[in-house]
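Colleague: For Ser76, Pro77, Glu78, Tyr118, Glu249, the entry in Swiss-Prot reads substrate binding site. As annotated by Swiss-Prot, ATP binding site applies to Arg100, Asn101, Glu102, Asn109, Glu242, Leu243, Gly298, with the evidence given as sequence analysis.
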Amino acid sequence: MTALNHWQPSADIKNHLKRAKIIAKIRQFFTERGLLEVETPVLSEFGVTDLHLSTFSTEFLAPFGEQSKTLWLSTSPEYHMKRLLAAGSGPIFQISKVFRNEEAGNRHNPEFTMLEWYRPHFHMHRLINEVDDLLQQILDCPPAESLSYQFVFQEYVGLDPLSAERSELIEAARKHNFMAEDNEDRDTLLQFLFSEVVEPQIGKERPIAVYHFPSTQAALAQVSPEDQRVAERFEFYYKGLELANGFHELADAQEQRHRFELDNQQRQKCELPTREIDERFLAALEAGMPDASGVALGIDRLMMIALDCEKINDVISFAVDNA
């Protein structure tokens, strides 16, 4: 097919109409609960240090002969939204385009739509309940099940992820066709076993919230004060899709800097370019971000379930190969 006649949208117009109604319902859900809708930049002077995220960049050609500078396309509005929290915004939500320079396929498009919201003074389980409320309202689905990472890992892998020996994890991974080296990183093994063994077996009949991921996978979440082995982080799964990723947010600027530095050390080990640390974000934490929980939810995947579609292309206007 030539570019000349490859002009039709990826999704049917009927799905565009249904999508618009669902977006309106999402906005109504949050405005009725008193959250402020915000807009933040999709271009930033800072990328992200996360080892597992590949970021698009562009060059800003500054006027009047000034030196051009690299700008990064947002992988999430998280840092900017937390700066708003620190400035006193109160509870906020955003529906925005985000970009990840990764695969395109049935469940992925490098440009996609994300719903992200933050709740000052909410603990993790209270936010889990609110995500559950939203899913029930939008998808008309049963209430979510809520189980710990440790429990579901033991249930389906047969090992305790918090205490198993690395050799046991290597053996389990090899049974599932992962070519694990003898010195394989523990988190790599846990992530493989969770994604390949656990995820396909959970959330089939109703959504499931998996909480208390290992503290080594805390990202921007607080470590649990009750059990230092786990982080106050959760993810939602339903019908074979990872839908949402949430945290009881880390507000300690010094600890966050340390984690960013560890990210860059890992990047060097993997022969990946390091990323400049977002000093504006850290300054906001230093100034005092309120205790809060936040979550990011993939709108396009939500639409796939709501519209009973197998491919992400069926719920977005133009996929990357047709943009």
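Glycine is treated like the rest: Cβ placed from N, Cα and C.
Each of the listed features needs to be described in terms of its position in the shown structure.
Modeller: The secondary structure of Tyr118 (substrate binding site), as reduced to three states from DSSP, is extended strand. Within 10 Å of the Cβ of Tyr118 (substrate binding site) there are 28 other Cβ atoms, across all protein chains.
Within the same chain, residues at least six positions away from Gly298 (ATP binding site) with a Cβ under 8 Å of its Cβ are Phe112, Thr113, Met114, Leu115, Leu241, Glu242, Leu243, Ala244.
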Colleague: Could you give the Cα-Cα distance between Asn109 (ATP binding site) and Pro77 (substrate binding site), in whole Å?
Modeller: 17
Colleague: Would you kindly give the Cα-Cα distance separating Asn101 (ATP binding site) and Glu249 (substrate binding site), rounded to the nearest Å?
Modeller: 25
Colleague: At the level of the C-alpha atoms, what whole-angstrom distance separates Glu78 (substrate binding site) and Asn101 (ATP binding site)?
Modeller: 18
Colleague: Take the C-alpha atoms of Arg100 (ATP binding site) and Ser76 (substrate binding site) and report the distance between them in angstrom, rounded.
Modeller: 9
